[in-house]
Each structure stands twice: as structure tokens, then as C-alpha cells.
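Here's the structure we're looking at; comments come further down.
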Amino acid sequence: MAAAHSFSLLVLARLSASIVAFLVLTWALYFKTSFYPHSSYTQEEDLIYAVLHPLLMVIGFILISGEAILVHRWLPGSRNLKKSVHLCLQGLALACGVFGIWTKFHSRDGIVTNFYSLHSWMGIICVSLFGAQWLMGFLSFWHRGEVRMTRIRILPWHVFLGLYTYGLAVATAETGLLEKLTFLQTNGAVQKRCTESMIVNGMGLSLALLSGMVIFAAVLPKHQTPHSKSVYSTNKLHS
């Protein structure tokens, strides 16, 4: 039963992630005028950076980090293999997050002009926490020289901070979508009932559904028989 629930959650998570990816690509590629920087000396390079920001932060940061969380649920093989894939995917997500923020701050007006809203503050905090979490995971769980009991004590905090940071990333994306759409609607660039508004709102709903599926799949207990539990506990004591 637990295996069936886990499979269903994985399917729903992948479906939600596919919808999010499709919507953000559609928004960024077919509604480019909404991403034009509001400056008198705008160049094509500025538009490229403006379009790259949502692509890197949503697909590169949120979707890849969500897939990294789900690795322990679907990837067959040893624990070391799962940990290595998890670490690599999270590292890729971190790189996308850092570059995504850099594209937003790559402005002739300076960093301060882009660091004024709740969305920008949450983004900096989220990527910083994510980087610290990745480093802690590398040192505590991948480094073979660490004491096993130390890793066991840190594991609950690693899991909590990982899921918290992922949830914070989704919340940050939601504030960014709301901020962007409100700005466009206030300036009359986008109507309240139009295709672009529906795409942005649909992306927000899909992100909310995706985060719920990923977090639920991560905390869902794995199915183990009493015999397998005793064997697993014995192996842990002797490893």
C-alpha cells in the first residue's frame, strides 16, 4: 500500500513539474514584451537576462531540487548511489539559483535597484540557505571521515532544512509571480482576464501542487516488514 501511494505521488509530482515547466517556457518565450526592463537604454542583452531569470529559478532551481528530493524514492541501487545523484542534482540546482540571481542583479542601475522587494529578500535568503544546506550535506553525509553518530544526529536537521528551503523557494517564486503580474496589470500592460494572466496564475497553482506532492513524498514512511526493519537496524549497527 505504501509503495502504491509513493508511486502515485511520484506520478503527480512529475505531472505537476511538467505543467510548471511548460507554463514558464510559454510565458518566457511567447510573452517577451512583459520582460523588457523599464529603462531608457535597454538592450537585447537585458531582455535575455530578464527572460533567463524565471527559467533558471523555476526550472533550474525549483524543479531540479524537487527531483533531487525524490531521488531516494525512485532511484534503485545502493545508498551511496542515491546520495551521489542527490548531491549532484542539488549542486546543479544551486548553480542555477546563483546564476538566476546574478542575471537579475546584472543591471546598469546597480544591485540596490533590484533589492527592494519581499521577493528579492526571500530569494537571497533562500539561495543562501540552500548553499549552506548543500555544504552541510556534503560534509556530513558524503565525507567518509565523518563519525557515524554525528551524521545520525544531523540527519533530522538536514531533512528539515532541506524541505524548509524547498518550500521557501516555492513561496519565493509565488511572490515573484504575484509581484510581476500585479506590476503589469497596474501599468495596463496586461489585462486581468487574458491568456498571460491565466498562464501566470496556472503556474502559481501548479507550483503549490508540486511542492505539496514533493514534500509529502519525502516524509511518507517507506514500507518495511518487521524482518526487514530488524535486518536494516542490524546492518546500520555493524556498518
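First residue shown is number 1, and so on along the chain.
Keep in mind that glycine also has a Cβ here, set from the backbone N, Cα and C atoms.
The transmembrane segment annotation in TrEMBL covers 7-30, 50-72, 84-102, 122-142, 154-178, 198-220. Per TrEMBL, the feature domain 'Cytochrome b561' maps to 12-219.
Nonlocal intrachain contacts for the transmembrane segment (50-72), taken as residues 6+ away from its ends with a CB within less than 8 angstroms of a stretch CB, comprise 10, 13, 17, 20-21, 24-25, 27-29, 32, 35-37, 82, 85-86, 89-90, 92-97, 99-101, 103-104, 123, 127, 130, 162-163, 166, 169-170, 173, 176, 203, 207, 210-211, 214, 217-218. Note on the transmembrane segment (198-220): residues 2, 5-6, 9-10, 12-13, 16-17, 19-20, 23-24, 26-27, 31, 58, 62-63, 66, 69-70, 72-73, 159, 163, 166-167, 170, 173-174, 177-178, 180-181 of its chain, located 6 or more positions outside it, place their CB under 8 angstroms from a CB of the stretch.
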